[in-house]
Amino acid sequence: MSDRLTLLRPDDWHIHLRDGAVLTNTVADVARTFGRAIIMPNLVPPVRNAAEADGYRQRILAARPAGSRFEPLMVLYLTDRTQPEEIREAKASGFVHAAKLYPAGATTNSDSGVTSIDKIFPVLEAMAEAGMPLLIHGEVTRGDVDVFDREKIFIDEHMRRVVERFPTLKVVFEHITTGDAVQFVNEASANVGATITAHHLLYNRNHMLVGGIRPHFYCLPILKRNTHQEALLDAATSGSAKFFLGTDSAPHAQHAKEAACGCAGCYTAYAAIELYAEAFEQRNALDKLEAFASLNGPRFYGLPANTDRITLVRDEWTAPTSLPFGELTVIPLRAGEKLRWRLLEEHA
């Protein structure tokens with residue numbers, strides 16, 4: 001087994017950078033590895049139109065490290081009030097690459113999300129016509145639904161209906177966590193893809209709950225049982241072009257995670273490709289990592305792959321116990337633990 005792995009520079013097709021002073025930290029972490037990233041729009045207030053997306057984009061560009069060529073790919077936040085014309089304007093901008101459907105209340109800063117998918121059918125029609133992908137946080141939010149069943153029920157009640165009603169609409173099932181989602185994506189048309197996080201490949205709910213509650217494993221969609229973890233590993237390492245890298249790296253300050261009512265999100269951007277390499281190595285599938293990390297996403301979005309390269313080496317190192325997050329700190333996933341792969345260098 002080789003101790004060195006060179007890949008076309010990957011992209012992150014789902015990340016949260018937050019806003020304000022913390023951008024200096026979060027942008028540096030993502031730009032270290034990735035050429036581009038799909039930037040989640042769930043700010044307060046959310047990114048609802050092309051003008052707001054451009055403002056956020058300029059703040060991200062200003063936070064890039066000196067010499068960085070990292071490109072943020074912006075996303076609109078869909079609400080019950082989004083208009084088809086706003087989709088057409090966003091598409092014409094050239095820098096908005098998708099729109100995100102958050103069911104109201106599904107995750108961090110989703111209170112402004114869509115209350116009923118039927119309300120945005122005219123918007124979805126405009127997206128299909130414009131060729132703009134729809135990114136879906138696929139969980140129902142009703143109080144009578146068990147948190148571990150939210151994804152499966154969303155598939156049955158909503159996903160099937162959306163892809164049948166809009167067969168030409170490109171749909172990304174974001175951060176899938178279940179074998180049910182893997183099966184749905186595999187059986188759907190080529191217009192349906194999915195992102196998978198490193199933490200859902202590496203961990204299951206036992207890691208979060210057995211022997212004490214570990215708040216830094218808490219995310220939404222929540223970690224599932226190990227059989228679902230295995231299904232995700234099968235999908236990611238299958239070679240199927242339908243599945244691609246999306247970290248869902250979602251930082252919260254330490255005090256907001258280590259609390260009586262802690263926030264959902266795992267911070268992985270600081271070592272994302274290293275974590276994915278560990279997951280693929282578990283399956284003896286490092287030869288499949290480049291397609292998953294560097295090729296499948298651009299192909300789905302109709303963008304060229306990056307041409308420069310990164311190199312990973314098998315060289316154990318210890319993850320930091322904390323990282324700066326503006327004036328506060330964030331505890332990264334695997335804080336203080338050993339990682340097996342290290343990012344070495346880039347090639348022109």
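Keep in mind that glycine also has a Cβ here, set from the backbone N, Cα and C atoms.
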Site-mate of Lys100, His175 for Zn(2+) 2 in Swiss-Prot, selected among His137, His216, His228: His137
Candidates Asp234, Asp248, Asp287, Asp308, the one Swiss-Prot lists with His14, His16, Lys100 as binding Zn(2+) 1: Asp248
Substrate binding, same site as His16, Leu17, Arg18, Asn42, His137, His252, Ala264 - Swiss-Prot member from Leu76, Leu169, Leu220: Leu220
By Cα-Cα distance, the member of binding-site residues His14, His16, Lys100, His175 nearest His252 (substrate binding site): His16
Of Leu17, Arg18, His175, Leu220, Asp248, i.e. the recorded positions, those within 10 Å of Lys100 (Zn(2+) 1 binding site) when Cα atoms are compared: none
Which of Lys100, Leu220, the listed binding-site residues, has fewest other Cβ atoms within 10 Å: Leu220
Asp248 (active site) and Ala264 (substrate binding site), Cα-Cα, nearest whole angstrom: 11
Lowest local Cβ density among His16, Arg18, which the record lists as binding-site residues, within 10 Å: Arg18
His175 (Zn(2+) 2 binding site) versus His137 (substrate binding site) - Cα distance in angstrom: 8
Nearest-integer angstrom distance between the alpha carbons (Cα) of Leu220 (substrate binding site) and His175 (Zn(2+) 2 binding site): 9
